[in-house]
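Participant: Handing you this structure, nothing more for now.
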Ligand SMILES: [Zn+2]
């Protein structure tokens with residue numbers, strides 16, 4: 001049995017904050033302004049896994065009013081989604097994601113992000129693909145005021 005899930009996330013970019021995507025800190029003059037570390041890839045991916053399983057969303061599981069998640073490492077959200085997925089006896093077939101960010105260029109960090117994500121989810125990095133695009137200087141993302149991520153995941157129930 002197959003299940004598909006989609007996730008979307010967006011955060012503001014501000015000076016003096018860290019830019020963390022896929023658990024990797026990327027050198028940048030701006031980083032995410034968020035209650036947690038603002039990792040758009042892990043947030044979108046967490047929501048995609050939860051969505052595939054009809055288990056709610058990241059905002060319900062980890063409310064941003066909760067002090068426990070202040071500046072939290074978003075790995076813990078993804079690990080929780082993984083735990084719930086395994087409890088339901090599902091495995092990940094593949095993940096595809098698009099990050100929309102004007103700068104910096106993410107290509108030099110793509111392999112590191114794929115490897116780090118694969119480790120957390122106990123899969124091979126070949127099951128994860130990640131594309132980075134600019135917004136062609138259009139709108140807020142194009143003005144480097146924020147960045148977004150869309151992620152799709154396909155799950156298969158264990159035999
Ligand atoms: Zn988020």
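Numbering starts at 1 and runs along the chain as displayed.
Note: Cβ is positioned from N, Cα and C throughout, glycine not excepted.
Reproduced below are the annotations present in TrEMBL:
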- 2-155: domain '2-C-methyl-D-erythritol 2,4-cyclodiphosphate synthase' (DOMAIN)
- 9, 10, 11, 35, 36, 57, 58, 59, 62, 63, 64, 65, 66: 4-CDP-2-C-methyl-D-erythritol 2-phosphate binding site (BINDING)
- 9, 11, 43: divalent metal cation binding site (BINDING)
- 35: site 'Transition state stabilizer' (SITE)
- 134: site 'Transition state stabilizer' (SITE)
Participant: By Cβ count within 10 Å, point out the most packed of the recorded positions listed: 36, 134.
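Facilitator: Per the Cβ count within 10 Å, the most buried is 36.
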Participant: Within a 10 Å radius of its Cβ, which of these recorded positions (11, 35, 43) has the fewest neighbouring Cβ atoms?
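Facilitator: Looking at the recorded positions 11, 35, 43, the Cβ with the fewest others within 10 Å is that of 35.
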Participant: Do any residues at least six apart in sequence from residue 62 (4-CDP-2-C-methyl-D-erythritol 2-phosphate binding site), in the same chain, have a Cβ closer than 8 Å to its Cβ, and if so which, in order?
Facilitator: 36, 69, 72, 77, 80
Participant: According to DSSP, which kind of secondary structure is residue 43 (divalent metal cation binding site) found in, if we only use helix, strand and coil?
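Facilitator: The residue in question, residue 43 (divalent metal cation binding site), is helix (DSSP, three-state).
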Participant: If I take the alpha carbons of residue 58 (4-CDP-2-C-methyl-D-erythritol 2-phosphate binding site) and residue 43 (divalent metal cation binding site), what is the distance between them in whole Å?
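Facilitator: Between the alpha carbons of residue 58 (4-CDP-2-C-methyl-D-erythritol 2-phosphate binding site) and residue 43 (divalent metal cation binding site) there are 7 Å.
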Participant: Of 35, 43, 58, 66, 134, the recorded positions listed, which put a C-beta under 6 Å from ligand 1? Please answer none if none do.
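Facilitator: The recorded positions passing the 6 Å Cβ test are 43.
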Participant: Can you tell me whether DSSP puts residue 62 (4-CDP-2-C-methyl-D-erythritol 2-phosphate binding site) in helix, strand or coil?
Facilitator: coil
Participant: When the Cα-Cα distance from residue 134 (site 'Transition state stabilizer') is computed for each of the binding-site residues 11, 64, 66, which gives the smallest value?
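Facilitator: Spatially nearest to residue 134 (site 'Transition state stabilizer') by Cα position is 11.
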Participant: Across the domain '2-C-methyl-D-erythritol 2,4-cyclodiphosphate synthase' (2-155), what is the average pLDDT of the model, as a whole number?
Facilitator: 97
Participant: Does anything in the same chain, at least 6 positions from residue 9 (4-CDP-2-C-methyl-D-erythritol 2-phosphate binding site), have a Cβ under 8 Å from its Cβ, and if so what?
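Facilitator: Same-chain residues close to residue 9 (4-CDP-2-C-methyl-D-erythritol 2-phosphate binding site) (Cβ under 8 Å, separated by 6 or more) are 40, 41, 43, 44, 47, 148, 149.
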Participant: Counting distance between Cα atoms, which of the binding-site residues 11, 64, 66 is nearest residue 35 (site 'Transition state stabilizer')?
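Facilitator: Spatially nearest to residue 35 (site 'Transition state stabilizer') by Cα position is 64.
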Participant: Can you count the other CB atoms that lie within 10 A of the CB of residue 58 (4-CDP-2-C-methyl-D-erythritol 2-phosphate binding site)?
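Facilitator: There are 27 such Cβ atoms around residue 58 (4-CDP-2-C-methyl-D-erythritol 2-phosphate binding site).
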